[in-house]
Structures are given as structure tokens and as C-alpha cells.
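See structure below.
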Ligand code: KG4
Ligand code: ZN
């Protein structure tokens, strides 16, 4: 069974081939460098670049495989930027029609969950913590056909807060990886963290309070003409994020008693959060670094799970 998948929900155009849960080929064209100059994704530019990039990927795909060998075409249907999603939708449908193969529209967030299980089987019930630039949520998969959203952010996503705090500290976009590098270097020196936010439903998250707190501290320094200690703020910020995520994970592990847990999404590349996860539970799945950000392999993997008997 060869599954071909397209992901184009945000600013990455990605194609992948998965054969019986084994990754065969993946190509992703990312637009980060272009949107960087605007400080965030510009939807109209993203759609136009997808149109250009998807043509390049179609040519690459034809070099990689005789497209007649594809058994199923999967694509990201939602959620995402509508213009970007449209590009993937149209190409997937055109291919399915011409090749006379079945087509499967899929959910991007479910795809992220399965990014931790590429080439592996899921041990259900499985708990996933999705942390990315656009989403932060706790997902509980009872089995392949039923999942529950246990909690989600009430305001900013984790990655978004990383990027906003980084901007305030004059760190390049995207700020997450840079803050993480600073943390690795200074974690033994700056061990403090800030007060953890509270939400009405204790399984939800609120990250904007952490962001506002740190921005106020920096503004105070600026007003008092004190040099802003970038290393201290970056390290204590990451300490707080890790502590907050750990607190939630302990709660849900205790409450839902999963067989496996996974950490997914762009922020799952973070060294401290990965470490915390590995120490937290005895059966942890982490995606390969190339599958942490948006990619089509996770969509193909999700399709594989859906058709499995
Ligand atoms: O999943 P993703 O591509 O975002 C969406 O498309 O939603 O992830 C991008 C986010 C950015 O906010 C970036 O700062 C963050 O992931 N990120 C990190 C790290 N690497 C990437 N955040 C913290 N630590 C990292 N090592
Ligand atoms: Zn994503």
C-alpha cells in the first residue's frame, strides 16, 4: 500500500510517500525566509508561493515514483489558511481523478499526533501534547477512531509566545530555537521561574500571561535604564514553560492512565521539553526532528492509521 500525501495548510508545501508505514520519500519547500521580513505569515503571499512550489514538487514526485503505483492520495483539509489549503486540495483532487485512485481529506492536528509514530505502531490509549506556532493542546486517543481534546490554549500558542518574547529580546525570528540554545548554556546559572498561570479548566493553557509578565519586566528595566539581561530572561522564560507543561502532563497522566505519551509540533524540537518528557513517563514517543514542523509524512501516516483494519 503506497500512500501519497500533500500538506499545504500554512507556509510549508510538502509531499510524501509512505509504503506500509515505512517513509519512502519526502520533500518540503518552506517559506519561512520570505515571511520573516514581515514578522509573520502573510496569507496572500503564502498562497501564491504554494502555487509556485507545488508545481516544483509535482515534477520531483514524477522523478521519484511512477505515479500509477500510488494507491491512495491524502491531503490536509483543515485547519489552516484557506488559500494555502486550496492549493493542496486542488492538486490532490486532480491527481485522484486522473489516476482514478481514492482520496482522503485529513485533519492537520491529527496528522501532528501521528508524526511521533512514523514507522511505529501506536500504543493506545495515547496522550499527545501538541505544541506549535499555531496550536497548543492535549489530545487523548482512546483508539484509532476516537480522540478527545482534553485542553487547549485560551490565548496564544506556545511557539507564538516564544517568538513574541524573542522579538522583545531582539532575537531573530523564529525565536524558539535561539531561546532554547541560550537556555542550554545558562540553565545552571538561572534556575528561577515565574508564577504559573491558572485557567478555569485546569487542563487548558494560558500562555499570554507568561508573555505579558516577562515583557513588563523588560519594560521596567528599559524605563530604569538597566541593561536587559537577555540570557536571564530567555532562560527563566523557558524554565517557566517547561514547568507549566510538566504540571499539565502530570495531571493528565495521573487522570487518564495512558499506555504511551507523545510530544508533537514545531516546539517539540525543544531540548528542555523533550528531556522533561523522557523523564516523566516510561513509554514516550518523540518525532524525528524533520517531522516536528509541518510535513506531509505525518499526513500519510494518519491516512495509514485510518485505513488499517
Ligand atoms: O509547527 P510549527 O512549524 O508552527 C506552525 O506552523 O504552527 O512550529 C514553529 C514554531 C515557532 O514558533 C518556533 O519558534 C518554534 O516552533 N520552535 C521552537 C523550537 N524550534 C522551533 N520553540 C522552542 N524551542 C525550539 N527548539
Ligand atoms: Zn502544524
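Cβ from N, Cα, C; glycine included.
A TrEMBL annotation is a machine prediction, not a hand-curated record.
The shown structure was predicted, so the numbers you read here are calculated from the model rather than taken from an experiment.
Per TrEMBL, the features are:
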type	residues	note
BINDING	108, 112, 294	Fe cation binding site
BINDING	130, 131, 132, 133, 134, 163, 176, 180, 270	substrate binding site
Whole-number Å only: compute the distance from the Cα of residue 134 (substrate binding site) to the Cα of residue 294 (Fe cation binding site). 11
On a simple 10 Å Cβ count over all chains shown, which one of the binding-site residues 132, 270 is most densely packed? 270
Across every protein chain in view, the count of C-beta atoms other than its own within 10 A of the C-beta of residue 176 (substrate binding site) is 25
Which one is it: of the binding-site residues 132, 176, 270, whose Cα lies the shortest distance from the Cα of residue 294 (Fe cation binding site)? 132
Hey, for the Fe cation site built from 108, 112, 294, who else sits with CB inside 8 A of the CB center? 7, 9, 10, 76, 109, 111, 115, 132, 265, 295, 298, 299
In whole Å, note down how far the CA of residue 112 (Fe cation binding site) lies from the CA of residue 270 (substrate binding site). 16
Less than 6 Å between Cβ and the nearest atom of ligand 1 is the rule; apply it to the binding-site residues 108, 134, 176, 270. 134, 176, 270
Close-lying binding-site residues around ligand 2 among 132, 270, 294, where CB distance stays under 6 Å: 132, 294
